[in-house]
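Shown next, in structure tokens, is the structure this report addresses.
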Amino acid sequence: MAPIEILKFPISSPGDISPLKKLQDAGYDPSNILAVVGKTEGNGCVNDFSRTLASAVWEPRIPSDAVTIFSGGTEGVLSPHVTFFLRSPGDKETGLSAAVGHTRRFEPHEIGTDEQAQQVATTTSSLIEQMGVTPDQVHMVLIKCPLLTSEKLETIRALGRVPVTTDTYESMARSRYASAVGIAAAVGEIQHTRIPEAVSKAGTWSAKASCSSGAELEDCHILVLASTSAQGSRLHAVSRPMADAMDAASILALMELAKKDGGKIVQVFAKAEADPSGHVREWRHTMNTDSDIHSTRHARAAVGGLIAGLVSDAEIYVSGGAEGQGPSGGGSLCLVYETSI
């Protein structure tokens, strides 16, 4: 278990590494980095190479056992930034702990399948065990997972295998869902034996899963965030799923918990999706039928604007595509805040 600090900084482009200097100015060394989690100004789709660029410039500059998780798409008021998860100097307790890890690399035909979910469940369970926390203490499992490209589909066909889908964009959703099912098993929301059934049909979801797909990796990068019972905690995490893209009440409820503690919000992590039913509550929406803009981009803009307005901060992590990450049409939500000791 690693007690952690969380710091975030704006970036001027996906290749901007100036936050590293700011991190050092704040008294931290790059060796303290557990994870770099960022929002980059791409389209968040299959051909979003802003994620690839960000990963390429950051990974050589952080410890080999650290992870990068970059989510493309800063639609609306969302502002590009990076959030550092840092080992607390001297392992001083802060109230939050984190662990990071990788699954093995996946063969193209395994992406979006129950094998991916099983590997995520195994790795995540191991991280939770290493941390010495209970699933109830876990507030978020953040994952970057692979997707299918045209080249990978050709490889699958050449091997006589069958891909989970032949649509590269849909593969993002299938990979996110498989990862979310794995998380659900790891935190005890479903039994491990139910993974194949859960992956084969929609409907399973985890309140603690936040998964983002990308072409920049072949494995899953995993970050587990948990609260500890340390006395005099300074950092706190609270979480609950949003019921839909208009669920201000859930955000306000978490903000109220921070307010009661006299806390200052450090970061918000949220998933967003266009309700597949075509309605938000009783109102019809057109996010799923827009031929110009993918629904995930609409959802990021809508939920990003809602949360940013409520917390008065545009440097928040809002990721589109919430398959299995909160109820259908909603999404997982985790708020981190800081109190004075």
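Note: Cβ is positioned from N, Cα and C throughout, glycine not excepted.
Annotated Mg(2+)-binding residues in Swiss-Prot are Ala322, Gln325, Gly326, Pro327, Gly330, and among Glu273, Glu282, Glu338 the one listed with them is Glu273. Swiss-Prot names Arg51, Ser71, Gly72, Arg176, Ser212, Ser213, Ser319, Gly320 for binding substrate. Of Arg157, Arg161, Arg194, Arg300, the residue it gives for the same site is Arg300. Shown are the recorded positions Ser212, Gln325; of these, the residue with the fewest other Cβ atoms within 10 Å is Ser212. The distance from the Cα of Ser212 (active site, nucleophile) to the Cα of Lys144 (active site) comes to 5 Å. A gap of 7 Å separates the Cα atoms of Glu273 (Mg(2+) binding site) and Arg300 (substrate binding site). The secondary structure of Ser212 (active site, nucleophile), as reduced to three states from DSSP, is extended strand.
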